[in-house]
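Database features, via TrEMBL:
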DOMAIN    29-143  domain 'DOMON'
REGION    177-202  region 'Disordered'
SIGNAL    1-19  signal peptide
TRANSMEM  210-231  transmembrane segment
TRANSMEM  243-262  transmembrane segment
TRANSMEM  274-294  transmembrane segment
TRANSMEM  314-333  transmembrane segment
TRANSMEM  339-361  transmembrane segment
Amino acid sequence: MNAKKFWLLATLGVGQVSSSPVSFCPDDSDICFQWAVPEAGNANIYFQIDAPTSYQWIGLGIGKQMAGAAMFLMYEDGQGNVTVSNRNGKGHSTPLLGDQDSISLLDGSGVKDGRMIANVLYKNTGSLDLSGSSDWIMAQKQGTPLASVDPNESITVHDSHSAFKINLAQASVSQNVNPFSENNDGGNGVSNGDSTGVTETSSNPNSNLILAHGVILTVVFIALYPLGSLLMPWLGKWYIHGAWQMVGFLAMWAGFGIGYVVSSDLDIFFDQTHTRLGVFVIALLGMQPILGLLHHMQYLRQGRRGAFGHVHIWYGRALIIMGMVNGGLGLQLTGASDVYIIVYSVVAGLSALLYAGYATVKSLRSEKTEKEK
Ligand code: HEM
Ligand code: HEM
Ligand SMILES: *[C@@H]1O[C@H](CO)[C@@H](O)[C@H](O)[C@H]1NC(C)=O
Ligand SMILES: *[C@@H]1O[C@H](CO)[C@@H](O)[C@H](O)[C@H]1NC(C)=O
């Protein structure tokens, strides 16, 4: 490295050291966090959670989403102090108890003037980047105090959550001692934190993929499949029906692929009715084009609808209905508002009625005049 480059880097490096904690109150709320990383701290991180006692619990987590996040829960212990519990995020469910030895509660923690404060020392055994930007999440729940010293106290789901990036390089402090201690009146050279180095991010990194998954499969099951099924008795041309349904079939697998990627990422694949029923319906529909083709070949030989025809028709109808129902379950899983769920159900119901109505009228009429399918 030449001298010029060295000095440039050195100056930039010095420019980054602010010697004060980073502090941040997400969404301008009354819940605030601070971080401080000692310059020679053997991967120690000090952080503070400070929130009104109207909250039942506050969670801070390292990661982009619940799945895989190292989480720290704070709640009142019922004895004038707080309990901080290390948990491991496992998708969209109650985080599991983690290793309590990796954290310790420090002085200055406690319940005072209607606020709970936790000053915590965390030994960074993970891959948290102390010299750059890292992803964090938080969530909160309002309610009566849990008043528990049990780190495995059970909690119920949050009222809301958010996500942000913290540049821990901006949070460096000189000494490896509790920077938030009340006895630490600047003696440590620690000034009050500021929010340089904080960037708010989307609290759901998968939201676009989830939207694509939902839109594609809704179009397939509510529009493409029922319309393609209508086309059969309407036009009586097997190749138009077959080609149309194959477009839907390919789109269905694409939508399924996206759903698989997202649910694996969230660690919820095959964990609840929506993902299980989805796998079931889509795997069974894998047979449908083959049944359609087998029926067509049988029809050419025998000149009438045989077993394959009946199976193709009824198996197909049943699976399309199950797919529609599963879309509603998916909307519930993402926590969509009731309005969306109602609109979805009405449109799905209309689509099913339209198809059933047409299919019935047509089959009553064609009992006399069987024509080429
Ligand atoms: C009883 C415990 C918990 C349950 C049942 C639960 C459940 C859920 C569910 C169903 C979602 C998706 C719907 C939504 O966006 O609201 C979600 C998202 C989220 N939760 Fe939780 N949660 C729990 C605890 C926590 C804790 C302790 C934290 C933070 C430390 C947290 C942070 C988040 C974040 C950041 C998201 C959005 C990112 C993602 O999808 O993972 N959750 N949670
Ligand atoms: C996933 C793809 C498919 C789905 C969901 C599907 C669904 C259906 C449904 C619900 C019907 C009943 C229509 C009615 O009310 O009359 C039907 C009929 C039919 N399908 Fe398909 N189909 C698919 C693919 C195919 C393919 C690829 C072929 C041909 C190679 C085919 C050939 C037929 C034929 C010939 C009928 C008329 C049966 C009869 O009336 O005897 N289908 N299909
Ligand atoms: C809360 O507990 C911590 C750790 O034991 C202690 O240092 C702190 O002084 C306690 N706070 C109060 C108000 O008792
Ligand atoms: C923590 O509590 C849950 C139930 O709330 C229980 O299933 C789990 O076994 C407990 N974990 C430990 C380590 O005690």
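Backbone N, Cα and C define each Cβ position, glycine as well.
TrEMBL does not curate its annotations; it predicts them automatically.
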Task: Sequence-remote partners of the transmembrane segment (274-294) [C-beta within less than 8 Å, at least six residues beyond its ends] - done: 238, 241-242, 245-246, 249, 252-253, 256, 259, 263, 268, 308, 311-312, 315-316, 319, 322-323, 325-326, 329-330, 332-333
Open item on the list: Quick check on the domain 'DOMON' (29-143): DSSP residue counts for helix, strand, coil, in that order please.
Closed with: 3 helix, 65 strand, 47 coil
Open item on the list: For the domain 'DOMON' (29-143), what's the mean pLDDT in this predicted model?
Closed with: 93
